[in-house]
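Asks: Could you have a look at this structure, given as structure tokens, before my questions?
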Amino acid sequence: MNMELSRRGFLKLAGTGVAATSLGAMGFGEAEAAEIAHVRPFKLTTTTETRNTCPYCSVACGIIMYSKGDLRKGETADIVHIEGDADHPTNRGTLCPKGAALKDFVKSPTRLQYPMHRKPGSDKFERISWEDAFDRIARLMKDDRDANFVATNAAGVPVNRWTTVGLLAASATTNETAWATFKFAKALGMVGFDNQARV
Amino acid sequence: MMDSPRTAVSNPPVQPMETNLTQKDLIRRSATSELPPPERQLTPVAKLIDVSKCIGCKACQSACVEWNDTNPEIGENVGSYVNPHDLTEDMFTLMRFTEWVNPETDNLEWLIRKDGCMHCADPGCLKACPAPGAIVQYSNGIVDFIHENCIGCGYCIKGCPFNIPRISKVDHTAYKCTLCSDRVAVGQGPACAKACPTQAIVFGTKEDMKKHADDRITDLKSRGYANAGLYDPPGVGGTHVMYVLHHNDKPHIYSDLPDHPKISGVVQTWKGVTKYTGLAAMGLVAVGAVLHGIFGRANRVQPEDEANAERLVDSAETRGRTPDDPG
Amino acid sequence: MTNSWTDIKNTDLVVVMGGNAAEAHPCGFKWVTEAKANRGARLIVVDPRYTRTASVSDLYAPIRQGTDIAFLNGVMRYCIDNDKVQWEYVKAFTNASYLVKDGFGYKDGLFTGYDAEKRDYDRSTWDYVIGDDGFVVTDPTLQNPRCVWNLLKEHLAPYTPDMVERICGTPKDKFLKVAGMISECSSPTKTMTSMYALGWTQHSKGSQNIRGMAMLQLILGNIGVRGGGMNALRGHSNIQGLTDLGLMSHLLTGYLTMPTEKEVDFATYMSTRQFKPLRPGQTSYWQNYKKFMVSFQKAMWGDAARADNDWAFNYLSKLDVPSYDVLRVFELMYDGKVNGYICQGFNPLLAFPNRAKNTKALSNLKWLVTLDPLDTETSRFWENHGDFNPVDTASIQTEVFQLPTTCFAEDDGSLTNSGRWLQWHWAGGTPPGEAKHDTYTIAQLFLRLRDLYRKEGGAFPDPIVNLSWEYADPNNPTPEELAKEINGRALSDLTDPADPTKVLVAAGKQVTNFSQLRDDGSTMCGCWIYSGNFNEQGNNMARRDNHDPDDTGAYLGWTFAWPLNRRTLYNRASADLQGKPWDPSRKLLEWDGSKWTGYDVPDIAPTAKPDEVGPFIMNQEGTARLFARGLMRDGPFPAHMEPFESPVANVFNPKMRGNPVARVFETDVAQLGTSDEFPYAGTSYRLTEHFHFWTKHNRVNSALQPEFFVEISEELAKEKNIDNGGWVRVWSKRGEVKAKAMVTKRIRPLTCDGKTVHIVGVPLHWGFTGSAKKGFGPNSLAAFVGDANIETPESKAFLVNIEPSTAPKDRGASA
């Protein structure tokens, strides 16, 4: 409700008061309220529920995400609310201050939406297409690997190390993503491959 | 017919539900002397905040913001864990932190209290409110603001023994914790109670909450807190938000929780014409000017109306807060 | 965690030391409050700061950061001196009675075999006496002075309550109260749980901190029982999973290890991984190593991994150093020896110590790729943000790709929590803009590289062109396909060794679990410890039966726990040598005369007799090790070591700095400060309102804790004329931060070795992106030195100075 509406309602009432009574309880008297008592409409009505777990710490609390639209029906789904899953044995519906505000992580204004590229020396990011980004990164990786790969050591033992390009894996990707990333990095011979566990 | 919910630990419905809190469940309405009796008596509910289990994580604040779709300001650090620095129209509940050295043990105790509307059985805000139907009380004990009826005068703040409501600068109406009336109306508990990681905040019938408090007090006494007790102050007829305090003999150490809250005598007794006197007695000298402005120019809002209203509200908002909370 | 979050409710005493569970893991901490409310459990907090965990504790004791070993050794000594030992457990389930080689000893803060030049020990004396039968010689009476128990007693002797106070600054009366309460848990019917996190790991001797508590728990008989255990509270939602899956320089999946250069072929590699039992009749489960390793190679390279090519052993890199861990890689980067770097959901600019070094290192890269759902400081390391990132943008020649990814809400898959539960989740939202799943991005890069190698050839293309990539849509492997690969399947019919006509698993079918894996190439399995996650019964990680018979907290029907859906590790140790539970009211398992039964999946062969087979089946001994042999680089017993930057000298050897065998790079030695110049003990930590550098992007969490600050005592504030809420400058040998000062009673000066030690607390959640106020992190201050065993940086203890200051330039909301 904006101020204009509020004030109009008030003035209407005040006018009625003056007409109907004298000083009469400073203008209100027994006048009826403009709005009858009501609570806010329940905002999750007709939303779609999806079970997930919190991506922050390792307690892994169960959460329910409420969306307008259903991904499983092929629709666009907009998450409007997230709260704890009371069926989950660990958190029993509770969430910490981070988990309770997960919706605003999903919808953060600083969520990245497009691949961006910064040229050497530039002071800004510029849009780049996914295809161009993939082609360029793959080329950079291939060229570096071919130039710097250590196939054998001094004794002639195959060692297959690529030390000049590294990969830091995430701490919140799924196990399935982690396995795909593992295969990729180890097959390339990337030895500088680590994750947040060390830190 | 659905009665009051018994717990906050449940998953909300997504199918359309009939609301369980309507005009017919009112037991009090501001500036209204003749209110038809409610058609039924809902079981009184309560939120119990066990300060001794609270870890000060602010999940309650977070859950409150998300559920009520408010937008608290991102402020600055001023040397305090209290953020925002006071209750606001966008922050209905607030963890207040006090570093207290127990003189008996010489041990530091970090007293953390969740501040917010106490949902008094005898609500000072409602009694002070001059706008018909702007503040209502349901038979389950919830005291709720009906914003369409609110005139933003700020008397509710003056009437509140706990200094809780805040006036929005944007829409000029008063805001405070609703006890998640929209959730309670469909059989759910408040968002803060559901979220609370340690279940320091629990929700249910007032009777159940008192029993639960007894168990907690027994446990606290076994840990050496001889004065542990339930804060359900009789001066306001008891409250529908209660605390378990380890030091119930001195509530004021918890960021100035009133030891003996009661509604101002002026608000308590004012009726009809005396209300005007009462307001003056409470120090709201601007009220005459505001009312004059309205009566004089009934159909237009003048800049001075705004200014007067602002003054009134500002005077309420700048009242002193706790020492731990530099505002 | 050896146990699970929900098991904590079964405890009698919670010790939070080296962590701050109420703030960092609030919903897990719920189970502490449950134990307190329902069992009358007590909570002890030992921490340099009076934390929000301490605010609900029964007893709080202060400690100087980096001195936990002295404290824990003191508690162990107290328990032994006061006969508070779970004797039956110690004698049967630990190596207390094993004899140690002559020559092993400890003097002046050092174990035998120290080589100051190499900064390493010759660990050959740190081992057992082996008898003619090939087994360890033991003395079950514990009389032999060379048995582990007596050596331990000797080692602990100096750690008196006075010595603890002298080193740790913990007042003696507080220490004695803590030790007294802990010692009561030596009763078979009283249990203590240890909840720790990065407060113990982020030290140059982090592994030894944890060992100290693990040994104490063994002495008290608290490992393998309900409400007990060593509970590492992992920091991130899937840090456990990424470690289990071997996304580390020195690891393969399931704690198989990368080969070194010395392991020239598969036979040599396997020769050091035979894991022959050291005591008669013991399981030594790692004897199955080869089955898991061959199945792993088959999962990686399919038909290209054959018996005749050593299962493609040479496709794996062989390490020339213990690991190319993140500190080493950034050191190489700093030296200009790394050209390209990919950061997947990681923000190293703020995560690794010595930010100035990190900035320089990243600036040396030719190219950087970041994959993240959020904007990160790392992806913008080249952008000038005034005092908050004072770089010369134009001079930085790094090409940067910032690739947007989906977040949890937009993908399906499993995460492994701290209690080893693999929980499946489902996507519920449409990704923003052009954000893509990581698997898609990885697949695109892989397929392009594979095409390039097929077309152009190049350096050793074999492991790339032969990598198994059999997905319905190779451009976009599904989470289900990947999960099934992790579980493993039969590549040909698996027949019963006793009856070759009987097919146990038909070719192409998922194996039930890792017990069906073979070393002949007939099975494949991505990660053996996860096997069972997605078998022919379906996706076990998606199970949602939350029943808990008799309220044990086990929840066997809820998702899937590794290994084999076991919820409490070493659970056979919950029963005595007759197989009866130590505490009948807290039964986990019981021997029914022919097999183990109970509430959990037995962590032992179901028919292994209780008086024959030891509970610690992954150890060659079958018992737990109070004496770690040569398995840890810095000692078989934990010994007090100071942080590299310490306000006081090591009382056992004043010349010794930090951990004597921790790796320190030369450039970093010059950047270590001393207490003359930097008199205050800095430490770093999380706050409950934030999660790392993520939630500063969230308007709600930003409102709850908007701006960077440091915490100091009232005493230090007075000494330095610092006002609460005023600006201060904090600096170390490596950098500086400007912060608001939070002056508090929750931090008090300590007296250590006669000297007053002031603590400066530096929380870690701010940067220059997001919606919170711009700020700094503790990594601007901390030293670039890691733990001697696993290279976790010493971010919890460093030296700083502090003074009143003015606001930094270009302050204000980040965004």
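Glycine too: its Cβ is placed from the backbone N, Cα and C atoms.
Fair warning: this is a prediction, and the values are worked out from it, not measured in the lab.
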Asks: According to TrEMBL, B:CYS177, B:CYS180, B:CYS192 bind [4Fe-4S] cluster 2; so which of B:CYS57, B:CYS64, B:CYS120 is the extra one listed there?
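Replies: Looking through B:CYS57, B:CYS64, B:CYS120, the residue TrEMBL assigns to the [4Fe-4S] cluster 2 site is B:CYS64.
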Asks: Just to be sure I read the record right: B:CYS117, B:CYS120, B:CYS125 are listed as binding [4Fe-4S] cluster 3 in TrEMBL. Which of B:CYS60, B:CYS153, B:CYS160 is listed for the same site?
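Replies: The record-listed residue among the candidates is B:CYS160.
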Asks: For chain A, give the subset of the binding-site residues B:CYS54, B:CYS57, B:CYS64, B:CYS117, B:CYS180 whose C-beta is less than 8 angstroms from one of that chain's C-beta atoms, in sequence order, otherwise 'none'.
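Replies: Filtering B:CYS54, B:CYS57, B:CYS64, B:CYS117, B:CYS180 for a Cβ under 8 Å from chain A leaves B:CYS57.
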Asks: Within 10 Å of the Cβ of B:CYS180 ([4Fe-4S] cluster 2 binding site), how many other Cβ atoms can be counted across all chains shown?
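Replies: Taking all protein chains shown, B:CYS180 ([4Fe-4S] cluster 2 binding site) has 26 Cβ neighbours within 10 Å.
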Asks: Near the domain '4Fe-4S ferredoxin-type' (B:108-140), which same-chain residues lie under 8 Å Cβ to Cβ, leaving out any that are not at least 6 residues past its ends?
Replies: 4, 21, 25-32, 38, 40-47, 49, 51, 54-56, 60, 87, 92-102, 146-147, 149-151, 153, 155-162, 164-165, 174, 176-179, 181, 184, 192, 200-201, 236-241, 243, 246, 253-255, 257, 263-264, 267-268, 270, 275, 279
Asks: Among B:CYS57, B:CYS196, all listed as binding-site residues, which has the most CB atoms within 10 Å of its CB?
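Replies: Ranked by Cβ atoms within 10 Å, first place goes to B:CYS196.
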Asks: Would you count the other CB atoms within 10 A of the CB of B:CYS120 ([4Fe-4S] cluster 3 binding site), including those on all shown protein chains?
Replies: 28
Asks: Per DSSP, to which secondary structure element type does B:CYS180 ([4Fe-4S] cluster 2 binding site) belong, with helix, strand and coil as the options?
Replies: coil
Asks: With B:CYS177 ([4Fe-4S] cluster 2 binding site) as the reference Cα, tell me which of the binding-site residues B:CYS54, B:CYS117, B:CYS160 is the closest one.
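Replies: Nearest listed residue in space: B:CYS117.
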Asks: What binding-site residues from B:CYS60, B:CYS64, B:CYS177, B:CYS192 have a chain C Cβ less than 8 Å from their own Cβ?
Replies: none
Asks: How many other Cβ atoms are found within 10 Å of the Cβ atom of B:CYS125 ([4Fe-4S] cluster 3 binding site), counting all protein chains shown?
Replies: 28
Asks: What's the CA-CA gap between B:CYS64 ([4Fe-4S] cluster 2 binding site) and B:CYS54 ([4Fe-4S] cluster 1 binding site) in angstrom, rounded?
Replies: 16
Asks: Give me the long-range Cβ neighbours of B:CYS54 ([4Fe-4S] cluster 1 binding site): same chain, 6+ apart, Cβ under 8 Å, in sequence order.
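Replies: Set apart from B:CYS54 ([4Fe-4S] cluster 1 binding site) by at least 6 residues yet with Cβ under 8 Å, we have B:MET95, B:ILE112, B:ARG113, B:LYS114, B:THR198, B:ALA200, B:ILE201.
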